[in-house]
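These notes concern the structure reproduced below.
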Amino acid sequence: MIAADAQGDIQLMNTAAESLLGCRLGDVAGRRPLEIMRLYDPDTEAELPDLMVSALLGHEAIAPRRGLLRAGDGTPRLYVDAGAAPIRDDDGTLLGGVLVMRDVTQRRLDEQELLRHREHLEALVRERTRELEAAKLAAERASDERLMFMSTVSHELRTPLNAVLGFSQLLGREILAERPSGYLRHVQVAGSHLLRMVEDVLDLARIDAGRMTVQMQTTDVAATVDKAVPMVMPQAAEHDIRLVVEPPAEPLQVSADPTRLLQVLVNLLSNSIKYNRRGGEVRLVCHRRGGGRVRISVADTGRGIAPDQRERLFRAFERLGAESGDIEGAGIGLAFSHRMAALMGGELGFESEVGRGSTFWIELPEVPSQTLAT
């Protein structure tokens, strides 16, 4: 604290001020504060006005402000918060003024350190954001390239496969009159399976890339089941599996893409045949559930799914039983069906008991009959 008379000459200085300024009262008494110290803006380094003089001339207090304190010769000393106020007697006569300073050097250094850390963190965030943007663009390009690659490969595979299937059917009709040929049936089954797998790969890539669209419409459940079952009958016959269909007790319609629902049902039926025991049974049941949902269940009498394998079930290219080599397929059908069910506003799930078999189901929103009548 420094006290001055009405003319601004220093009359009093406490020990704290002597310590801040590095001088004693006896050396500076009668001098103006501006002669022994100067304050500068800590950011712009512009010199600040003499606070004592400002308080005396303005006859009002000057609010504390941050400043860099320099000695009279300009040597930097400390950062201070400094303010000034006039001193009056009881009659209001101006007697002088007081300048109060508080050392805030450590706080200023801490603030600067925090500012450096913040700027460093902001720079890191900007850098990481740029990296993430670049990674996102690269991933999108990779996804587009993968989809393009799969589309091209799928097209190149699908064209000769369709030819193989078409010519095998023609050949089968020509030689059927002479003698039945099991070889042709194997060609047709294998070709159909390979074609379905190629289409599943492409569809899965489309879903992952966000390019899959569904054509939602009112879909008759029984009619879709009637289309799906014949498509897997050759596979069932090859594995000696009995297919049982329990038709719904009343007509059921759901909101779905009929082509995709058919694809999902064929996948579920095919899987139930594939993982069944020879001579086993696959049972398809349709019924109404609570909450305006319709469930289509496909149950098998196979080995069931062990608890430690269940979390892998809907991952793409995960094929249970692949380690033993006795299960065919690429592990695509269930992953595709699970994602497609969600895309249609439904859900696909399962229950399984080891040694007794598994039941896979798809639930979809029901379209009420009164809606159909309007």
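All residue numbers here begin at 1 and follow the chain in the order shown.
From the backbone N, Cα and C atoms, a Cβ is placed for every residue, glycine too.
TrEMBL labels come from automatic prediction, so no person has curated them.
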Expected hit for coiled coil in TrEMBL across 90-117, 118-145, 286-313, 342-369 is 118-145
Mean per-residue pLDDT in the domain 'Histidine kinase' (152-368) works out to 81
Reduced to three DSSP states, the domain 'PAS' (1-59) has 23 helix, 13 strand, 23 coil
